[in-house]
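Colleague: Quick one: the structure is below, and I'll ask about it shortly.
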Amino acid sequence: MSSFGSITFVLLSLTFSMCMIFALSLFWVWVMLDLSTIFLIPYLVCQGTSSGRWYKGVAMYFVVQFMGSALILYSIMVFWITSLESYGEWALLIGFILKLGLFPMHFWVPRVFANLHYGGIFIVGAAQKVFMICAVPIMFESSACSMTAYASALASAVYGPIAMFNSNDVKTFLAYSSVNNTGLMVICNLVSTTLLGIYAFVYVVSMMFLVLIFSSYNGESISGIGTSLPGFYSAGFSSIAMSFSGFPPFTDFCLKFLVLMSCAEKGMWTMVFAVLMSGFINLLVWIWLFIVNARTLGSLNTNFKRSLYSSALNTSCVLWNVCGGMVLMAVY
């Protein structure tokens, strides 16, 4: 399939994902979810055929997403036909947790990411999840369902960075980073939709820069980033690693600070504690990754030539991570 066809399928998938925000009923949310998944699969397949492992990631992604969709459809039927609303809410909650890859149903995320190309990782792990989170019902009538949703988001935010420590390859590392940020976005959605929009925008842009830089990385292991990443990307990679670690005054630090202040203003002290713990562990794991590759970072200079695209990408990445946080704090 041509690159034009791939872009067309991605745009269709993201269009249906955006339509979820404007859906007037849960049934149309389910329809848009399925259409978004269906149009994304050809892009994942056609871009991943060269790796020889695409079918493992795409097949698992397809099965898990439609299992989640089946649970959501089942909950809709329960709401329509019976009076067992609490039972339907549990099915709906489990369906969304499964589709988002939140703890404890995150098992599919590292397995899918390990067999996808970086473009697919960006769409599945960041862009598509943003709109899906917007469609999640924030308040359930059952207090047990609400507490379960909160607990799943908090556990994902804390568990993600811990699992990142045990990752040996880059794609698994990004998978658990996605679990962490998905949990934080759900927390933001519980606080306010404005906070979710800000967090989602910053996360998607930062993830886009990281994926574009890693797309030129030919290796798989975390310890080989320094020796296999083109040397002219060392500044961009260093800035984005420090930003994702939450080190001040980079963009991600300012973003986490906004989340903490918003949770504190709402009196959500459990979430404040969870975000602080998640941020501290995340700081350690990204600094560990940076230290592991610091001595060899920039050593690969002979086989790659600097182009206008690479220069623009590197400069934009540095400016975004260094100055984006200050702009965010000034505007918000």
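One-based numbering along the chain as shown.
Just so it is clear, glycine is given a Cβ too, placed from its N, Cα and C backbone atoms.
TrEMBL: automatically predicted annotations, no manual curation.
Below, the features straight out of TrEMBL:
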type	residues	note
DOMAIN	26-281	domain 'NADH:quinone oxidoreductase/Mrp antiporter transmembrane'
TRANSMEM	58-81	transmembrane segment
TRANSMEM	87-109	transmembrane segment
TRANSMEM	121-140	transmembrane segment
TRANSMEM	198-217	transmembrane segment
TRANSMEM	267-291	transmembrane segment
TRANSMEM	312-331	transmembrane segment
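For the listed features, I'd like the structural context: burial, neighbours, distances.
Modeller: Sequence-distant contacts of the transmembrane segment (58-81) (same chain, at least 6 residues past either end, Cβ-Cβ under 8 Å): 26-27, 29-30, 33-34, 37, 41, 44-45, 48, 87-89, 91-92, 94-96, 98-99, 108, 111-112, 115-116, 124.
Residues of the same chain lying 6 or more positions beyond the ends of the transmembrane segment (121-140) and with a Cβ under 8 Å from any Cβ of it are 10, 13-14, 17-18, 20-21, 23, 26, 29, 32-33, 36, 40, 43-44, 61, 89, 92-93, 96, 99-101, 109, 112-113, 146, 149, 171, 174-175, 178, 181-182, 185-186, 189-190, 193, 196, 200, 203-204, 207-208, 211.
Residues 118-119, 121-122, 125-127, 130, 133, 170, 174, 181, 184-185, 188, 225, 228-230, 233, 236-237, 240, 243-244, 251-252, 255, 258-259, 304, 310, 313, 316-317, 320-321, 324, 328, 332 of the same chain lie 6 or more positions beyond the ends of the transmembrane segment (198-217) yet place their CB under 8 Å from a CB of it.
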